[in-house]
Amino acid sequence: MIRVGLLGCGNVAEVIASEGTGINITALYDFEHSHAEHLKELTGAPAFKKFEDFLSQDLDIVVEAASVGAVYEHAEDVLMSGKDIVILSVGALADTDFKNRLIKIAEEKNRKIRIPSGAVMGLDNLKIGQISPMSKVLLRTTKSPRSLRIETNEKTLVFSGRADECIKQYPKNINVAVALELATGHDVEVELWADPDIKRNMHEIFAEGDFGDFYLKIKNNPCPQNPATSYLAALSIITLLKNLEKPMIIGT
Ligand SMILES: NC(=O)C1=CN([C@@H]2O[C@H](COP(=O)(O)OP(=O)(O)OC[C@H]3O[C@@H](n4cnc5c(N)ncnc54)[C@H](OP(=O)(O)O)[C@@H]3O)[C@@H](O)[C@H]2O)C=CC1
Ligand SMILES: O=C([O-])CC(=O)C(=O)O
């Protein structure tokens, strides 16, 4: 059974720990040690204070559900140590030099970097953008002002522009834009809206290309502990882990 280490023991990790029946969590690390201790109570896995001790455990895969900063800090070491990595804070990979470094290490070590679909659907077949021209990819995300940590009484466009710029300003809210960019191989235009009346995290994807055109709207229930994060993101990782060893792969 695949041995999973959790890098980041916050809201997403707690859903994985409590709802990921059959997932073999064997090590925990969070720089806020009390969060790792909390998950230790749920999983029985040891919680490490030092990242090096966490990484020296017999793990097959490390699941990052921490922050863009944590990916910068630890992803290279995870791959260098011969472990696969799931990166949820994929915004870090908007930095092309960093992304290429990680890919090079993964190739050299024969390891995999897995980017989950996270808080959106449709990433699987949008990968056709890697082989067939796309003329436009737009992500329109609408969240509550609280999620975006701003105050407004009316629906407000808080950002319009490139995904790599948006993730710098909203690293906890728009990782999906970078996932979409990596999937399609196409620049993604982003509109980020704050709406005081919205109760769910809404993502709309518009894509056009030789295949035709595509529109998706998803209204995600937020996680109770962190309204910026959609519950779907945690479910997406549980599903990814559960499918790793299956003989049949569904979706492109
Ligand atoms: N790709 C996607 O579709 C999605 C991506 N995300 C991203 O996933 C990540 C996890 O989300 P969520 O669980 O809600 O976040 P939380 O803030 O609830 O949990 C993250 C945990 O990781 C800790 N942490 C942060 N940085 C580091 C670090 N450098 N080293 C070790 N621990 C660290 C945090 O500590 P502390 O609380 O002290 O900061 C916290 O305990 C976020 O970056 C989020 O933006 C979320 C949803 C969708
Ligand atoms: O959970 C979401 O809806 C999206 C999110 O936070 C992110 O992409 O960083």
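A Cβ is built for glycine as well, from the same backbone N, Cα and C atoms used for every other residue.
For reference, TrEMBL has these:
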type: ACT_SITE; residues: His203; note: active site
type: BINDING; residues: Ala119, Asn175; note: NAD(+) binding site
type: DOMAIN; residues: 8-116; note: domain 'Aspartate/homoserine dehydrogenase NAD-binding'
type: DOMAIN; residues: 153-238; note: domain 'Aspartate dehydrogenase'
| field | Inter-residue C-alpha distance, Ala119 (NAD(+) binding site) and His203 (active site) (nearest angstrom) | value | 8
| query | So which of Ala119, Asn175, His203, listed as recorded positions, have a Cβ under 6 Å from an atom of ligand 1? | reply | Ala119, Asn175
| query | What is the interatomic distance between the Cα atoms of the residue listed as 'active site' and Asn175 (NAD(+) binding site), given in whole Å? | reply | 12
| said: Check the DSSP secondary structure of His203 (active site), expressed as helix, strand or coil. | reply: strand
| Reduced DSSP assignment, Ala119 (NAD(+) binding site) | coil
| Would you list the DSSP helix, strand and coil counts for the residues of the domain 'Aspartate dehydrogenase' (153-238)? | 25 helix, 33 strand, 28 coil
| query | So what pLDDT does the domain 'Aspartate/homoserine dehydrogenase NAD-binding' (8-116) average out to? | reply | 98
| query | By a simple count, how many Cβ atoms lie within 10 Å of the Cβ of Asn175 (NAD(+) binding site), its own Cβ left out? | reply | 28
